[in-house]
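Listed in TrEMBL for this protein:
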- B:1-8: topological domain 'Cytoplasmic' (TOPO_DOM)
- B:9-30: transmembrane segment (TRANSMEM)
- B:30-153: topological domain 'Extracellular' (TOPO_DOM)
- B:His124, B:Tyr128: heme binding site (BINDING)
Amino acid sequence: MSEKKNWMPRWFYQLASPRWSYNIMGKLLPGFAICAALLLIGGTIWALMFAPEDYQQGNSFRIIYIHVPSAILAQSCYMLMAVAGAIGLIWKMKVADMVAKSCAPIGASIAVLALATGAIWGKPTWGSWWVWDARLTSMLILLFLYLGVIALHSAIENEATAAQSSAVLSLVGLVNIPIIKYSVEWWNTLHQPATFTLTERPAMPAEMWVPLLVMVIGFYCMFAVSLMMRTRNEILYRERRASWVRELLEKQ
Amino acid sequence: MNPKRKQRLIIVLFIVFGVGAAVGLTMFALSQNINLFYSPTQIENGEAPQETRIRAGGMVVEGSVKRDPNSLNVTFDLTDYEGTITVHYDGILPDLFREGQGIVAQGDLDANNHLQASEVLAKHDENYMPPEVAEALEKSGKMPKPEGEVFNK
């Protein structure tokens, strides 16, 4: 079996080392933090002051610049959590478990943000804060899945067991992601279909969607920053008995 | 990949696709119940139950809105370009309500198959544009209008 090809890239196995992950995340953090700050501040100013208002909704459409990035990110974060959970299950990689655990609270807060901004927009536009249509309901289920994962992590004392069971829960909940995405196409919903698709031109002029794109990338950078900070914290806590962590603490 | 990992990978894939298939079949079976509203075609064909609370979604037909000058009563037609139903409503309409706008009305069907609405919600479409662009499109008659299938999936 010695000639068996190793088909995973080297960094994948290096990620398995908490120490290596801790250091690489420390190096990546400042770059992402600067990008996030620049993009979010620039994007917000652009979106609120320079983007034109909508012909129909006036200025209230500007909530799209928070709503859409947070809704996209809440789903991406869930996928990351499920994939990290699966890697933790299959390769028994501790760092993957820590990433999955760190995803949950961040994803939950972003999902709350998406639901709240949607409700605030829905009242003036639709005439209702909340409607039980397929898009809104599946998004609410996503929030409950996040809360379930958080609850499992805090309910089970043993870290390995907690990681396993929450990974299984996040994998089961993964089925919800395509449902959220396609709910507006499969069923009659009050929520409008996607303005952006990969195959067609956006149903929005460039002076409106460019700041939106800036905000989306900014949200992703901010997510990367908070995820890496949480994960580093988690690494330090779980590896608190390792010699390199002790050395690190003594240096400070 | 060693056999242990391969086995675990298979279990993970089994969970994801097994749950996917189960939920997919359930959704397919419940498909009609997940729809937020009935389309005018469905109501015309008698697919919607009478004298129970339902929602109807469609486009407000141009020129069909009749307001009672002495009260809040308003009557309009809803269409998905295949079927049309009449809606009666007594209340304040959302700001986005106008002719040609997609809306969702909640209420009961009466004996004439007219919807006696108790709530009217505006359904916004995916098109966003600045007022000047909207004006120019309106003049050239190229304003994007929701298609019938938006209300009839």
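A Cβ is built for glycine as well, from the same backbone N, Cα and C atoms used for every other residue.
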| query | For the topological domain 'Extracellular' (B:30-153), what are the DSSP-based totals of helix, strand and coil residues? | reply | 23 helix, 41 strand, 60 coil
| note | Sequence-distant contacts of the topological domain 'Cytoplasmic' (B:1-8), meaning Cβ under 8 Å and at least 6 residues beyond its ends, amount to none
| remark: Counted with DSSP (H/G/I as helix, E/B as strand, rest coil), the topological domain 'Cytoplasmic' (B:1-8) has 6 helix, 0 strand, 2 coil
| query | What average pLDDT is reported by the model for the topological domain 'Cytoplasmic' (B:1-8)? | reply | 86
